[in-house]
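Enquirer: Here's the feature list from Swiss-Prot:
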- His692: active site, proton donor (ACT_SITE)
- Arg15, Glu16, Leu17, Lys18, Lys114, Arg512, Cys513, Trp558, Glu602: 5-methyltetrahydropteroyltri-L-glutamate binding site (BINDING)
- Ile428, Gly429, Ser430, Glu481, Asp596: L-methionine binding site (BINDING)
- Ile428, Gly429, Ser430, Glu481, Asp596: L-homocysteine binding site (BINDING)
- His639, Cys641, Glu663, Cys724: Zn(2+) binding site (BINDING)
Amino acid sequence: MKKSIIAFPRIGSNRELKFALEKYFRKEISEAELQIVAKELRLESWKSQKEAGIDYPISNDFSFYDQTLDLSIALGVIPERYKKLKLNELDTLFALARGFQDEENDVKARPMKKWFNTNYHYIVPEISKETVIKANFSKLLNEYQEAKTAGFETRPTIIGPYTFLILADYLSGVTEDAILSDLIGAYTVLFDQLNNLGGEWLQIEEPALVLDQTEEEQQLFIKIYQELLKNKNKLKVLLQTYFGDLRDSYQEIIKLDFDGIGLDFVEGRESVKLVQKYGFPQDKLLFAGVVNGKNIWRNHYQKTLSLLKDLGNIDNIVINTSCSLQHVPVTTENEIKLSKEILNHFAFAKEKLVEVSEISEIYVKKNTSLLDKNIALFDKNRVQENIQLKQKITHLTDKDFIRTPSLVERRADQIKALRLPLLPTTTIGSFPQTPEVRKARLQYKRGELSKSDYEAFLEEKIKECLELQENIGLDVLVHGEFERNDMVEYFGEQLDGYIFTQKAWVQSYGTRCVKPPIVWGDITRPQAMTVRWSAYAQSQTSKPVKGMLTGPVTILNWSFPREDISLKESTLQLALAVQEEVLDLEKAGIKIIQIDEAALREKLPLRRSDWYSEYLDWSIPAFRLVHSKVKAETQIHTHMCYSEFEDIIPSIDAMDADVISFEASRSQLSIIDALKAHHFQTLVGPGVYDIHSPRIPSSQEIKIQLEKILNKLPIEQVWVNPDCGLKTRGNKETIPSLTHLVEATKEVRKEKITYDK
């Protein structure tokens, strides 16, 4: 039985890629030096896979930024405004991802969206009338040859044409028909080139197949591959799917001339039933995704073997991961502070390679010692249940999830209490974390800085941050979050039930890596988490300072969740803990409390029929539970970013927050139309500039954005803010950008008042 994975993490076990890229962006190393780091990371990945017994090591899973962006470059799908910059290929890629600004040019970054239901983000391809598909697969071919030279016969992977078409933005009436023929031609060129190099396999990733499909989309997929597979010659082609099942098109797909089909048996709820009902062709390999590529818990071998047995008499099975391993950390080997007893329950990417091999060994060779060892792990009670917490959740009633008075009624109380101008200006929460801030936090963690000295340092930074905001002229201030390393980890560290790693980093986008905490047991709040800093900040200014919290859904979605209880139960545990913090902030005199739900959309099922019963019916009430007991005059804010929210606007309104800020700048404010169409009641702050790009927007640019918003929404409903927190930016970008934001807002206010007179 062969062993396979879909892809391996590219950031390196110590984030080597992140640090090399940041040096390159600062012009501290050359492209050649950057490429050396990349080559070392690829070699390490292939070695790890081969040593673990993987029969099909993967190539072209490496990327300097994003695999969808790599495909756009390979297909020549580069908008003219980026071509005019006359940059080399690598710097063009970075301009698309990050924007580009110099004395002569000022080009915004392309929009960034969540990759299906994960916390990874992709750069959205743009198709216009000017788009001309031109195949240049040198990256894929070079990396395949690089592996071959190093002694590894790899299976290159690439996102497929169907998923590319589904994910792309189409401008000015253009449809996929405009580029379809050339797109198929480009992949045909790749087939020929890989054949000429002696390539054995090509993996084509088509995750868009697990979304709800229309009849037209099913026909589009069949049309593409009936044409494309005629040209495969000796090359074997694997259709790889993940994040769900193929219930809309399985019967048609298995008739196509693929040599292998990869199915997800972890998130694909219907995958086993589809194979049982319609069979699986004997002339193809079934790449069975049975090792979870998205969570860090050990595989339960007995359950996996039972699943494989349920597939029936299929001889041609390859043991595979359910999705790319880029969604989990690289290895547990670096976790020297966690006990062996705890680590035994975890499998990061390298450990999942071993799991794939062991499942194959048990299945084929009936290796009972491996199976017995795994069974012993699951036979023990890992954690003790918190009976008191369970009873608290059981006794929740409908009243616990409803805030009174209503949104409209309490708005009058808030206007009176806060006395804010039209178009109130604010930021999303965090301010730039300078090397000085990170150094002090590290010294405190290591015991090199006393608690009193560290707190004095933080108080000084908060004062500076407040003074900066007052000088700029912002209306609602934040304390800057200098005490926080990460918006989830910071809370997890103060909640019982979480455990933490040292180096379990996962790529979120580009150079941005996150270290998700792990939900180990039942979650409770032993003491206040943020009150100390919010209360101190409010004591330093007469302007309102927002209390800053992360919401329960986001905390869970950006953690590695338990698999022994439901996501709903874990979320309600978190909601009760955050509710306690909200009420403590209110008691401390904080009049505006922001409860971020940046990741609300993330775990939304990919199929619309599952949205409510599987997710929204409990995730939205969990948010309401957090703030249901506050006073009418306390204003509740929330923030959401980098997802498509247009189709769940009624559910977002049902969160019953008083103000919601959205990412909107990269997506050309498209969400505004959806808000208007759904008669959205909540006050809104659509982000007026993109903080994920280093470019500085002019006040005129922000003014134009504001005017676009006010053409569609009443001025009384609008707040003005950037589209996300400022932690990852520098002061040299943040200060002028916020200054321009306030200047633009004041101009629009002045014009509005003059017009009204």
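Glycine too: its Cβ is placed from the backbone N, Cα and C atoms.
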Enquirer: Could you work out which of the binding-site residues (Glu481, Asp596, Glu602, Glu663) has its C-beta surrounded by the smallest number of other C-beta atoms within 10 A?
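Expert: Among the binding-site residues Glu481, Asp596, Glu602, Glu663, the sparsest Cβ neighbourhood within 10 Å belongs to Glu602.
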Enquirer: Identify which of the recorded positions Arg15, Lys114, His639, His692 has its Cβ surrounded by the largest number of other Cβ atoms within 10 Å, counting every protein chain shown.
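Expert: Most Cβ neighbours within 10 Å: His639.
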Enquirer: Do me a favour and check the Cα-Cα span between Cys641 (Zn(2+) binding site) and Lys114 (5-methyltetrahydropteroyltri-L-glutamate binding site); whole Å is fine.
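Expert: Rounded to the nearest whole number, the Cα-Cα distance is 9 Å.
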Enquirer: Just the number: how many Å between the Cα atoms of Glu602 (5-methyltetrahydropteroyltri-L-glutamate binding site) and the residue listed as 'active site, proton donor'?
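Expert: Pair distance, Cα basis, whole Å: 19 Å.
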Enquirer: Does Leu17 (5-methyltetrahydropteroyltri-L-glutamate binding site) have same-chain partners at least 6 apart in sequence with Cβ under 8 Å from its own Cβ, and which are they?
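Expert: Non-local contacts for Leu17 (5-methyltetrahydropteroyltri-L-glutamate binding site): Arg10, Ile11, Val37, Ala38, Leu41, Phe64, Thr511.
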Enquirer: What is the maximum Cα to Cα distance, in Å and rounded to a whole number, among the residues Ile428, Gly429, Ser430, Glu481, Asp596 annotated as binding L-methionine?
Expert: 13
Enquirer: Do me a favour and check the Cα-Cα span between His692 (active site, proton donor) and Glu481 (L-methionine binding site); whole Å is fine.
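Expert: Counting only the Cα atoms, the answer is 18 Å.
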Enquirer: If we check Cα distances from Ile428 (L-methionine binding site), which of the binding-site residues Arg15, Lys114, Cys513, His639, Glu663 wins as closest?
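Expert: Ranked by Cα distance from Ile428 (L-methionine binding site), first place goes to His639.
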Enquirer: In whole Å, note down how far the CA of His639 (Zn(2+) binding site) lies from the CA of Asp596 (L-methionine binding site).
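Expert: Pair distance, Cα basis, whole Å: 5 Å.
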Enquirer: Near Cys513 (5-methyltetrahydropteroyltri-L-glutamate binding site), which residues of its own chain have a C-beta under 8 A away, given they sit six or more steps off in sequence?
Expert: Ile11, Arg15, Lys18, Trp505, Val506, Gln507
Enquirer: Fewest other CB within 10 angstroms, which one of the binding-site residues Ile428, Gly429, Ser430, Cys641, Cys724?
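Expert: Ser430, out of the binding-site residues Ile428, Gly429, Ser430, Cys641, Cys724, has the fewest neighbouring Cβ atoms within 10 Å.
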Enquirer: Find the one among the binding-site residues Gly429, Ser430, Glu481 whose C-alpha lies closest to that of His639 (Zn(2+) binding site).
Expert: Gly429
Enquirer: Could you state the whole-number distance in Å separating the C-alpha atoms of Lys114 (5-methyltetrahydropteroyltri-L-glutamate binding site) and Glu481 (L-methionine binding site)?
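Expert: Cα to Cα, Lys114 (5-methyltetrahydropteroyltri-L-glutamate binding site) and Glu481 (L-methionine binding site) are separated by 25 Å.
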Enquirer: What is the set of residues, excluding Ile428, Gly429, Ser430, Glu481, Asp596, whose C-beta falls within 8 angstroms of the centroid of the C-beta atoms at the L-homocysteine site?
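Expert: Same chain, not in Ile428, Gly429, Ser430, Glu481, Asp596, Cβ within 8 Å: Thr427, Val478, Met487, Met548, Gln594, His639, Gly725, Leu726, Lys727.
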